Amino acid sequence: MFNKFSKTFQYGRHTVKLETGEIARQASGSVLVSMDDTVVLVAVTVNKDVKPGQDFFPLTVDYYERTYAAGKIPGGFFKREGKQSEKEILTCRLIDRPIRPLFPAGFYHDVQVVATVMSLNPEVDADIPAMIGASAAMVLAGVPFMGPIGAARVGYANGEYILNPTKTELTTSQLDLVVAGTESAVLMVESEAQQLPEAVMLGAVVYGHEQMQAAIKAINELADEVNPVIFEWAPAAEDTELVAQVKALAEADVAAAFKIRQKQARSQALGEAWSKVKAALITEETETLRANHIKSLFKELEANVVRGQILAGEPRIDGRDTRTVRPIAIRTGVLPRAHGSVLFTRGETQALVSTTLGTKQDEQIIDALAGEYTDRFMLHYNFPPYSTGETGRMGPPKRREIGHGRLAKRALIAVLPKQEDFSYSMRVVSEITESNGSSSMASVCGGCLSLMNAGVPLSAHVAGIAMGLILEDNRFAVLTDILGDEDHLGDMDFKVAGTENGVTALQMDIKIQGITKEIMQVALDQAKEGRLHILGIMKSAIDAPQELSTHAPRLYTLRINPDKIRDVIGKGGSVIRALTEETGTSIDIAEDGLITIASVSAEGAEEAKRRIEEITAEVEIGKIYEGTVVKILDKNVGAIVQIMPGRDGLVHISQIANERIANVADHLQEGQQVRVKVLETDERGRIRLSIKAALADAPQV
């Protein structure tokens, strides 16, 4: 019934097993990947026919984490998984980025990759198994895919690289880097680091690429055993006559367009050049494939013009040389009521970045598959269509926005103050108001300055820069601070963020084979040069963290005996609720007894702090207190007197007066202020009070 194949290999300290032929047999290719109890099923499906009018490669990648994988039932009213989490979306992008450039130009068949996490070892993240599984399933689907690829996570601690570190190991690692590539070349890097030197970062990329060869070898061996059916597809034969026609119609216009420095005017000129080609070569009767081919030839012509100019040493599209950063303008304190804000403009890319400070209660609660946790630092990136002069849908963030926000967040994490030194939660929002390349790096620069404007004591300034590459045979040019067109027409998108001391985030996407270690070294060195230039400008705008905004909450902390926490909270939360309402504060209580009071008003916070100190103060035996009668007990037993907020004691009828009394109510009423002396507390914490003892101790007049 089943024709099963499997392949096992050692991957660092983990054992990885690839299985196929038993599950999801109707998919074009499917693989079950196991890595030390983390199990991911990856299925690839390819449509046999191209949709009419299709003019791009429709690859979709979806990654899902099922809660049963961790032995959990989803929380909330609906007991099933809902929309994808941020972690799932980021993993979709990790899988997609190294796979997409390995498909040939002109392949327009629908390809769908679905990765499902079915079992999770909390120590082994499912992203690396999912990437390996997607590569293997793609090979088994028989599509024209120039793979397989391998993927590896690299950590760095005590001067040594760690292959596929566990979750526990990552807590002490100075680096969390994911690298993917083919047998001969690196294709994708995603990382965050603790201000590491460029040499260490490059070494991690090379180390990861060397180690992933074990995964690539296993996939190839599995494919040899399975011997998959090859998908029938052949690239369109080169039509030299059509190439010549497109060139004759548009080359001069395209070359002239790329001499225009302003983006909108340049885009308009390129649009007119395309319209000229379209009018001459495409009619209503033209087949979709031919129309697509003409469009791709026009795009190829654009690339050839730009690339040829740069490799010939001519100025770039906007007139710069290869190493120059675009002009930068910085304005701080832009938004009067925001806790921190900065307008960061670099050429035609602009980000308006704001920072909001909050309390522990404002932290993001993340219900992850491996367990719930909170995050005190949030960075959200918004890319409205007006930023590129276009109209479009506004709504929930797209995958690209989530990915760019995560990259900017990675860049800043390394310089954030420790929780014990700065108790605030922090939310940074980057509104991209103009875009012509490198908006995520503008978010890094603006985010750093916005945090400092809000008074967050960052340990260093962080700047980010996007690098590009043009590679033809043995000639190459590394471009500093790339434009949007240079990103699309180049061979590499290489984003580096860091401080003066080292790299905090690195993201790389390579569209071609053949990027060598030497080229990456040149790119890193040139990126450092650009980063230091930007850091100098940023420091001239804000050289150190500023004073907290008057609109930001003030945090006050005190520590109490953990046994007293219940007294501060009160029965059913009555005490803390009254405290927050009456003082206008927000109060957070940690299990270790650390209390954080947040308030815009210093007076309210001080009052809350005073009352908490009263509540948690130890009752002293023999001390006299001013108390309030809160209850007259039935059967003439006595009265309950409150001597501190939340602390009551019993005054027995025999302790009310020196003489014998018959009725408690004749001497005491609820709300009456009385002086009482603490006689004793029992093992259950109950307090015995005496009015007559307090009278006896009163000074004689």
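Just so it is clear, glycine is given a Cβ too, placed from its N, Cα and C backbone atoms.
For D487 (Mg(2+) binding site), applying a Cβ distance below 8 Å and a minimum sequence separation of six or more within one chain yields G437, A466, G468, D493. Among the features that Swiss-Prot reports, Mg(2+) binding site is placed at D487, D493, with the record citing sequence analysis.
As annotated by Swiss-Prot, domain 'KH' applies to 553-612, with the evidence given as sequence analysis. Helix, strand and coil content of the domain 'KH' (553-612), in residues and according to DSSP, is 32 helix, 16 strand, 12 coil.
Restricting the average to the domain 'S1 motif' (622-692) gives a pLDDT of 89. Taken from Swiss-Prot, the feature domain 'S1 motif' covers 622-692, and the record attributes it to sequence analysis.
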Tally of residues which DSSP labels helix, strand or coil - the domain 'S1 motif' (622-692): 11 helix, 35 strand, 25 coil
Assigned element (helix, strand, coil) containing D493 (Mg(2+) binding site), judged by DSSP: strand
Neighbour count (Cβ, 10 Å) for D493 (Mg(2+) binding site): 21
